[in-house]
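Engineer: Just passing along the structure, written as structure tokens.
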Amino acid sequence: MSQTIKLKKGFDINLAGKAQNNVTDAGNPETFAIKPTDFPSITRPKLLVEEGDKVKAGTPVLFDKMTDKVLHCSPVSGEIVEVKRGAKRKLLEVKILADKEIEYHTHKTYSSSDLKSLSKEDAVEQMLKGGVWPNLVQRPYGIISNADETPKAIFVSCFDSHPLAPDYNITLKGQDEAFKAGLEVLKKLTDGKVHLNVSADRDNPAMFTQAEGVQINKISGKHPAGNVGVQIHHIDPIGKGDLIWTINPYGIAQIGKLFLEGKYDASKIVALTGSEVKNPQYYKSFTGSSIKNMVKDNIKSDHVRYISGNVLTGERIDADGYISFYDNQVTVIPEGDFEELLGWIKPTTSKLSFHRAIGLLSFMNPNKEYVLNTNTNGEERAFVMTGEFEKVLPMDILPTYLFKAIMAEDFDEMEALGIFEIIEEDVALCEFIDVSKHDLQGILRKGINLMING
Amino acid sequence: MNPIQKFFDKIEPLFEKGGKYEKYYTLYEGHRTILFRPKLVTGKKGVQVRDGNDLKRMMITVVLAMVPCLLFGIWNVGHQHFLAIGETASFMSKIGVGALQVLPIVIVSYAAGLSTEFTICVIRNHPVNEGYLVTGMLIALIMPPNIPLWQVALATVFAVIIAKEVFGGTGMNILNVALTARAFLYFAYPTDISGSVWTYIGDATPIDSYSGATALAVAYDTAVNGSGTVLSAFANYWAEGMYTFKNMFLGAIPGSVGETSTLCALVGALILIITRVGSWKIIFSVFAGAWLMGLGFNALGLNAFMEMPAHYHLVIGGLAFGAVFMATDPVSASHTETGKWIYGFLIGILTVVIRVVNPAYPEGIMLAILLMNVFAPLIDHYVVQSNKNRRLKRATV
């Protein structure tokens, strides 16, 4: 039943600025935002509110015209103060000015024993309306799951192996009941198994290892061992026509609270990490919260980059920007927009490299914590090196051929080479180590969009 | 701010859009990025930090790996020169003679190649690629020491344009660029790249017993004229001890500038393998293929060349240099890891087959690699196909 999977390939990016194990309250910030751009599948967002409207936490704010049952809800109560649009009136952010005390939109509540008899239809209905449905992400394509379909299995990666990733022992502390309830609901959504994949190398919270009615698998290895796509590939791979749903443990606890407490609880513990943070630690925060309060007077220099998420898959945000839906980490690193005399040939111990080309000495010191800036360390070039991407992608996939198929927009090749099995996070390490500096995650998303839209 | 940066900043407007020299922006950028790592930063989405490595550093690693071959080549050209004219000379005077002969070839190769490259970059407005850093040195090292410099220049220009740029530049070529230059000379000027060009004589007069024959030519001649074994012909060579296994391994023998020393090529291989820039799979399998084919010919034993001990194949001619620096070119080699084993192995086999069986071409490594360059996409096709088939097998629809 339970499997142990040992992955040999991969690479850990060891950065300075790991969060200390304590949780602080920086005080709720004034503004929050819902960003449709957090969801790659949202192409035609429709607003349900206008500027000036009052909303409660859990009030539907927008939906996508293509998947109109899935409602995206406000994380807090307050007033819609701005609807920010970009080029071609693309909806970028819906900003909310928060109340001092959060008022919740209420849903039906269940006791843990009621949940067992809850029907699948009622569960799905409440999840769609309650704002928690976007936690369910389907493979292929890494987009919000379609409530009308039934997946062959549901996969949960119970550890995050990204650089400076938060620890679920802290971010989900005290949420055992909610997690258990969420898992109970989740089991109704598939005819197959729910897989909880825990780390074989670290301490796992008891709520994962002692979960009932699910298959628990152990995964060991370097990053990307914690990526759910890699885990699926080794446990129950996706072929053509297969459908698998994924969710992270935070999302499960959020679902649990929707049913136990009847509310959309968007509060989350967020790790503030990175070499430029004076005091890296965990903060009480919310989905869509401004990072303003936690970074205030807490940054070492003024020329830094704020990232919602981690350095591999995150997104640059402003100093008063907002935490994205799927993130529970904020990283702050130095900007690298300066020239360096003979920087391409000088021997260096300060730049981290997967490679060992002349003068790159980081391989001699694997345990050092590196301070990396945002410089690309070189210009974009044609693909030249071969056989390197394979070393950081522990899947039976030939990444270079897949990328070339995407660039050539060859649908049959994309499918044959495994585009159903991977999403951006799985090729992020390939992008990091790429000596030709391609935007591989962007290329992959372009290919996935081609597959979706035909 | 550094004064050079100031200078670049001052002249930058001339090269920008609307400036006087906007056509030459790519040259401006090319020079600036050689001096300074550019200030480019990662985008809004995607990775926010990047590996410290880039293509420039990869390429310079290969150039550094070739330095032992270059230095040894310079000495060896002088050494062969004084052997042929029957004089004893000091280490420094050998270096002196060799440097005067070799460095102009290196300079001409880089000058001709880089000017071609720059011209094409300006015409097609794409950034200057660093691939030529390696190609320039490779071309110089596989030229005979007597080569007329205009031929070096012509071959270089031909190779850069026909083998690389017409395919779209660095990363797109099918054939190894340096070997194309060598093959061009081989077929365009056959008289200038065979016979006794392998030793630089200059204005001096060689001693009476001198012959410029390489070990491959001696072996081939023995097989055709049928007198005794190859090893005894090696032993009777005019310069005593020239073609012993040890001396051929060390490389103090006539041949192209940088290809004679198996030892130096192996030092280069070590650098490439430790830095993980060159594929050890290819290097190993070329040697393995050549040795096994040599053993096969031993078993067949139809003529004296076939009977030559298999391990001699590994130290004569340019096999080691080709295996280490030419076969491992990632662009023209097989791109898949399984493919690399097959690709290298076939190069080794073909090299020995061409050497022993084909009367027209005494050295096989050049043609073997070029031939396998053409077949590498086919090998990859089957490796990729098997990957696709594994995926297809588990499809449910």
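A Cβ is built for glycine as well, from the same backbone N, Cα and C atoms used for every other residue.
Straight from TrEMBL, here's the annotation block:
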type     : residues  : note
TRANSMEM : B:58-75   : transmembrane segment
TRANSMEM : B:95-115  : transmembrane segment
TRANSMEM : B:127-143 : transmembrane segment
MOD_RES  : B:T214    : FMN phosphoryl threonine
TRANSMEM : B:248-275 : transmembrane segment
TRANSMEM : B:282-304 : transmembrane segment
TRANSMEM : B:310-328 : transmembrane segment
TRANSMEM : B:340-358 : transmembrane segment
TRANSMEM : B:364-384 : transmembrane segment
Engineer: Give the number of CB atoms, excluding that of B:T214 (FMN phosphoryl threonine) itself, located within 10 Å of its CB.
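Structural biologist: Taking all protein chains shown, B:T214 (FMN phosphoryl threonine) has 23 Cβ neighbours within 10 Å.
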Engineer: Count, for each of B:95-115, B:282-304, B:310-328, B:340-358, the Cβ pairs lying under 8 Å from the transmembrane segment (B:248-275), and report the range with the highest count.
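Structural biologist: Answer, by Cβ pair count: B:310-328.
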Engineer: State the residues, same chain only, that lie 6 or more residues beyond the ends of the transmembrane segment (B:127-143) and have a CB under 8 A from a CB inside it; answer 'none' if no residue qualifies.
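Structural biologist: Apart from its flanks, the transmembrane segment (B:127-143) reaches 26-27, 29-30, 55-56, 59-60, 62-63, 66, 69-70, 73, 102, 105-106, 109-110, 113-114, 117-118, 121, 152, 155-156, 159-160, 164, 169-171, 177-179, 181-182, 185, 256-259, 318, 321, 325-326, 331, 366.
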Engineer: Within this structure, do the transmembrane segment (B:340-358) and the transmembrane segment (B:282-304) have 3 or more Cβ pairs under 8 angstroms, counting pairs 6 or more apart in sequence?
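Structural biologist: In this chain the transmembrane segment (B:282-304) contacts the transmembrane segment (B:340-358) - 3 or more Cβ pairs sit under 8 Å.
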Engineer: Counting only pairs at least 6 apart in sequence, do the transmembrane segment (B:58-75) and the transmembrane segment (B:310-328) share 3+ Cβ pairs under 8 Å?
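Structural biologist: Stretch pair touches.
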Engineer: According to DSSP, which kind of secondary structure is B:T214 (FMN phosphoryl threonine) found in, if we only use helix, strand and coil?
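Structural biologist: SS state of B:T214 (FMN phosphoryl threonine) = coil.
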